[in-house]
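The transmembrane segment feature in TrEMBL is assigned to B:12-35, B:55-77, B:86-106, B:112-132, B:153-175, B:187-211, B:223-242, B:248-269, B:281-301, B:313-333, B:372-390, B:396-418.
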Amino acid sequence: METQAPDTGEQVFETLKYIIDPEVGINIVDLGLIYKVSLQEKVLTVELTLTTPGCPMGSTIITAVEQILSNRFPELQVQVELVWSPPWSTDMISEEGMRELNGV
Amino acid sequence: MSTATTSNSPGKWVVLPHFAFAALAFVALSVLLIFSTDAFGGHYFHPKLLTLTHIAVLGWATMLIFGALYQLLPVVLECKLYSERLAIASFVLLAVGTVLLSYAFWYFEVGWVMHLAGCALFLSFLLFSFNVTKTARLAPKWTIDADFIVTSTYWLVATGAVGLLMALNFTMGFLPADHVHYLKLHAHIGMAGWFLLLIIGVGAKLIPMFLLAHPESSKKLTWAYYLINAGLVCFVFDHLFFQTGFVWLYAGMVVAGVGLFMLFIYTAYKSRQRQDLDLGMQQTFVALALVLLPLVLLFVVSTELPLPQELLSAIYLVYGISVFLGFVSALILGQTFKTLPFIVWMHAYEHHVGRYKTPLPKDMYSHAWLRWQNISYLLGYVLLVAGVLLRVQDLILAGAIGFTITSLFYTANVYLLLLHKVKQLKPFSYGNASA
């Protein structure tokens, strides 16, 4: 996970925590789906992945990210890109995510 | 990198009617079971038992699998369903065929109603198999899961073809051997070829996904695929042309294949990141444990043990029950609540996520009903099996009541999901995401 716009980056990650993966039940940031957030000029770009290729939630999660960020940062143009490299693995789940996952 | 091909899911009218029909079929099956306790005292070739079996197999299990598969195929194969129209046509034919066939068996009218039912069902299977095969050809990469799924549809067509021939043979009498001979073929290619291969193909993808486990190798699955199919092909040829007495060997190949699948699941289970299993997954593991009984009984029915005829008849019945009302039903009862809430949620909230606070799929059905469904199912199943084995009608009746209670809890929950309406949603107030 990498941010190129530290000020906005933190707010972006905080905002994206509102989006919960409906199957796993934890937010997409702690699930490790957000690979990169960058801001160039007025374009906010988010690179994200899915837990598995063919995941039926793909379009829903992408639309959700676009909508929530456009809503939160109306002055920016939001671009969401789906990437498959590196493939998502459970090692990418944050400590907080693991705690939520196992109900600790 | 692309955002264009992320949603391969078909429309809800392709998928959801299957769940609606299957739930009602499960209720009908359970209620008819209450009125059929007298049928379990003899041979399995009995009008009431044939009715129950076909409602279970077609209206309940196959109907639900068709619907679920239209949703899951794009997940497993990573591409869109080839044709939604074919899927709807296949649904209508399966529904009509099931109702007509059930009527024909219950009143044992072996004329045009049964012929029409057989034709509708066979056509439904053909369309389904064609749709799945064409979808698989669109897949960006071929996996062993795809092999299992596509091959299972060919066995489904073969099962339907044998069934149709038997239906026609009731009045035309052209088959060289008696019905029981072909019934064994029909039942086994249906059980191991259609249900087992399909369940392994889908289960191998979904169960690790739900457990958040990523099995490294699919070697065990590859071996399982070849063992089960080889066992089935040998069985078919032997049964039709040779009758060598090696059926136990073919049964052993199928059992070995199932064993390898179970090992694959065990590996996934051991490496799972998700320790907390929800009710749907608990029921799924109950189903996987229940598969042991039919596997053991497979050897009993495939070897000619010198058992008393009455006991042998009861064992045959328990064998069939343990497959359809045991393993397959238990799996459906669990996996429905891993897939249906998700499908309904996606159609209801797809355009709201990111703008409003939305409920999660697990909030859309009753967990208490699901818990009671699982408990009454297990009780009903144990009582039914015990009743059939011991030939005690009161136990069979108690088992049937258990199944009816199960079906009511299940159907109530399924319709709660199907009739879910989006309520007034609150927009996000940013500040604390975990609030």
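Just so it is clear, glycine is given a Cβ too, placed from its N, Cα and C backbone atoms.
Automatic, uncurated: that is what TrEMBL annotation is.
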The transmembrane segment (B:396-418) and the transmembrane segment (B:112-132) contact flag, 3+ Cβ pairs under 8 angstroms: no
Interface-richest range of B:112-132, B:187-211, B:281-301, B:313-333 toward the transmembrane segment (B:153-175), CB pairs under 8 Å: B:112-132
Stretch-level contact, the transmembrane segment (B:55-77) and the transmembrane segment (B:313-333), CB cutoff 8 A, at least 3 pairs: yes
Contact yes or no, the transmembrane segment (B:313-333) and the transmembrane segment (B:223-242), 3+ Cβ pairs under 8 Å, gap 6+: no
Intrachain neighbours beyond the transmembrane segment (B:248-269), with Cβ under 8 angstroms and 6 or more residues off its ends: 192, 196, 200, 203-204, 207-208, 211, 213, 215, 218, 220-221, 223-228, 230-232, 234-235, 238, 288, 291, 295, 298-299, 302-303
Contacting positions for the transmembrane segment (B:281-301) when only residues 6+ beyond its ends and CB under 8 Å are counted: 207, 210-211, 248, 251-252, 254-255, 258, 262, 265, 307, 315-316, 318-319, 322-323, 326-328, 330-331, 333-335, 337-338, 374, 377-378, 381, 385
